[in-house]
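Okay, so here's the structure we're looking at.
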Amino acid sequence: MSSGANITYASRKRRKPVQKTVKPIPAEGIKSNPSKRHRDRLNTELDRLASLLPFPQDVINKLDKLSVLRLSVSYLRAKSFFDVALKSTPADRNGGQDQCRAQIRDWQDLQEGEFLLQALNGFVLVVTADALVFYASSTIQDYLGFQQSDVIHQSVYELIHTEDRAEFQRQLHWALNPSQCTDSAQGVDEAHGPPQAAVYYTPDQLPPENASFMERCFRCRLRCLLDNSSGFLAMNFQGRLKYLHGQNKKGKDGALLPPQLALFAIATPLQPPSILEIRTKNFIFRTKHKLDFTPIGCDAKGQLILGYTEVELCTRGSGYQFIHAADMLHCAESHIRMIKTGESGMTVFRLLAKHSRWRWVQSNARLIYRNGRPDYIIATQRPLTDEEGREHLQKRSMSLPFMFATGEAVLYEISSPFSPIMDPLPIRTKSNTSRKDWAPQSTPSKDSFHPSSLMSALIQQDESIYLCPPSSPAPLDSHFLMGSVSKCGSWQDSFAATGSEAALKHEQIGHAQDVNLALSGGPSELFPDNKNNDLYSIMRNLGIDFEDIRSMQNEEFFRTDSTAAAAGEVDFKDIDITDEILTYVQDSLNNSTLLNSACQQQPVTQHLSCMLQERLQLEQQQQLQQPPPQALEPQQQLCQMVCPQQDLGPKHTQINGTFASWNPTPPVSFNCPQQELKHYQLFSSLQGTAQEFPYKPEVDSVPYTQNFAPCNQPLLPEHSKSVQLDFPGRDFEPSLHPTTSNLDFVSCLQVPENQSHGINSQSAMVSPQAYYAGAMSMYQCQPGPQRTPVDQTQYSSEIPGSQAFLSKVQSRGVFNETYSSDLSSIGHAAQTTGHLHHLAEAQPLPDITPGGFL
């Protein structure tokens, strides 16, 4: 008890004094002392009575004689109440049911009650009409800091704020109108609380127990010893008045009194707790230390959280051995503050748990006095999460004058006495650290420092507790590794311009072999510390060893190799060209376009899969072998390239006598290997039709790269101007339209030479042939529309034969084209003009007579 001016509040109870050492028996014998024998018998009975109390052993060991008697009376009264309130069944009274089954049921009920108390946001409190605490649940310690044994059978007014005592007394009365007058109500503030109720009611004078006005819901402030409060905690009481049976109280005349009303309530904090408080409210533990912080005791929760037994904690020596080296100076500062002021204040640090694990805790230590002198230290710790601990660590680093956080402060007037374990950078792991590397050249010995000093505690710590566990090993999936390797290099740097798909395949296989060699280094290379590695433990539990991993890798490698070898025999319809391949090709084209510098560009050869290449060659050979119904049209290819955004004045241009539609945006197209084309004399009567070009030697020097979409015939059936062509990129079917004469094309395409060429709404008669995506419809030439600035498209060709003239135009002439939106690329209806600009030196070039077809 701590008393003030007419105010008394509950405080920490007096504990059982330390047992004195037994004096040796004198040689002359034991002297007869009846008083001493009586005290010894009394102490023995009290110890036996204390052992029967339903409290943990650590609580019983701290009880004094008066507390043992008080708790014994309280236990007997509670047992009498439950004997009446929870009446047993007739079978139980007669012993008809199995005793073992009854014990199991009682144990299950006990466990359920414990779980309910833990889930409850508050504690259970039963207060009699004379203001005595009849029962308080053990969870009261989590909210008020009082032990259950400290408050049972004590006056409740010692816990209530002096301004709220009158309200609590009013709530205890069944009519909310206590019989005491104002003067007696003032007695609530007296040192011993209000007087006991002198008026006892009979059941006839009291209302029924289940009446609605017997319910209670009110608020008051209770004394709180926890560090996160100001000394009082506002609580909400919700419950009802019920009869307290089985007390067997007697009046002054010796007559048995009827049961009286008592308040059965649940007290909950007004401010709801946070999620972290809910999680950690049941993990607050306390430790007892000597004045030099040597542990001498720990409660059951502390042993559960830290993993140590009380013997292991008390036999290690200084308590600083359990504190992280980066927190030692911070805790030492709080230790000195506690010695000076009696309380350390809130201190956040890391405690060493069992199995070399660190736990962030928030601690507050108090100095306990005995006979006016400091005797020992009681520390209350609350576990924190790692995020909370790091947040406090950052605040500490910013506020303190030197680095408590990393241990860089100077101790014992030596410069940097700490070993490399204190170095925050780089992070050291078990895989790259050995005991020899850890030890400095001149490590101070343990004997050179005081046993209770910080340096001695630091040296006694094992350096393995500061080693981080090794990072997880590389994944064993060969597809993941091959995908990562393939994304690291560009196609331009990895392969030669004249290479083929075999080079790409060989390169990927080489990477896979390197990965397999790296992964086949064995357990010693892949797992530096097998015993402490989680993956190794999982593999061992599943019965998988490193030989199995190598076998799976080899099987995957041969499966991939055999699939690639047999790709040429797969039907063309079964080839699955995924979005990943198309995306990768498009990204490669974008990268190559960005590398262009002025008019020079390094030649880049686009490689595709061998399966597509072989299939396309086979299809084209079959087309050439079939006799055409009419004169064969020359097989050409249309390119679609990514163009840089430049505004130039476009013109309409005929290349080799045909009109090409170039897409200014990068479409997703098939890239096919170039094939040598044959020349056919189709329109020998037309003027300006050139079958032999004087620019053939310059084909290989063209600094442009071109993506081609395969096509057998660029001429399509007639379409309306308003119809936009949209051909699928995978399913190709021959046209079913009737055949027309080739002379119709001549009449449609012959226009005066001095006119610009545009697009007419009239459709052209075309000769049907098998076509693929990328082939565009042809229309009659009309005067071109007004010139508008459009984007620039760059392309180049590397094909022999009839494309020599196209290469010459690219290298020496500047041609700009403007087309209607009808000739835009497939799927791009938003583009109003199509264009083609060849990036080359601007030189005058005479008009080309329109003739010939692509």
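Heads up, residue numbers simply count up from 1 along the chain you see.
Keep in mind that glycine also has a Cβ here, set from the backbone N, Cα and C atoms.
Keep in mind that this is a model prediction, so the values were computed, not measured.
Annotation source Swiss-Prot lists region 'Disordered' at 1-38 (among others).
Marked as motif 'Nuclear localization signal 1' by Swiss-Prot on the basis of similarity to another entry: 12-15. Mean pLDDT for the motif 'Nuclear localization signal 1' (12-15) in the predicted structure: 60.
Marked as domain 'bHLH' by Swiss-Prot: 26-79.
Residues of the same chain that lie 6+ residues outside the motif 'Nuclear localization signal 2' (36-41) never bring a C-beta to less than 8 angstroms of a C-beta in it. According to Swiss-Prot, the feature motif 'Nuclear localization signal 2' maps to 36-41, an assignment based on similarity to another entry.
Feature annotation from Swiss-Prot assigns region 'DNA-binding' to 37-65.
Residue counts of the motif 'Nuclear export signal' (63-71) by helix, strand and coil are 7 helix, 0 strand, 2 coil (DSSP-based). Under the heading motif 'Nuclear export signal', Swiss-Prot lists 63-71, citing similarity to another entry as support.
The annotation domain 'PAS 1' is assigned in Swiss-Prot to 111-175 on the grounds of sequence analysis.
The domain 'PAS 2' annotation in Swiss-Prot covers 270-340 and rests on sequence analysis.
If one looks beyond the domain 'PAC' (346-387) by at least 6 residues along the same chain, the residues whose Cβ comes under 8 Å of a Cβ in the stretch are 227, 276, 280, 283-291, 293, 296, 302, 305-308, 321-324, 326-327, 330-331, 334-335, 338-339, 393, 396, 462, 464-465. Per Swiss-Prot, domain 'PAC' is recorded for 346-387.
Taken from Swiss-Prot, the feature region 'Disordered' covers 425-451 (among others).
Under the heading compositional bias 'Polar residues', Swiss-Prot lists 440-451.
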Helix, strand and coil totals (DSSP H, G, I; E, B; other) for the domain 'PAS 2' (270-340): 41 helix, 10 strand, 20 coil
DSSP helix/strand/coil residue counts for the domain 'bHLH' (26-79): 37 helix, 0 strand, 17 coil
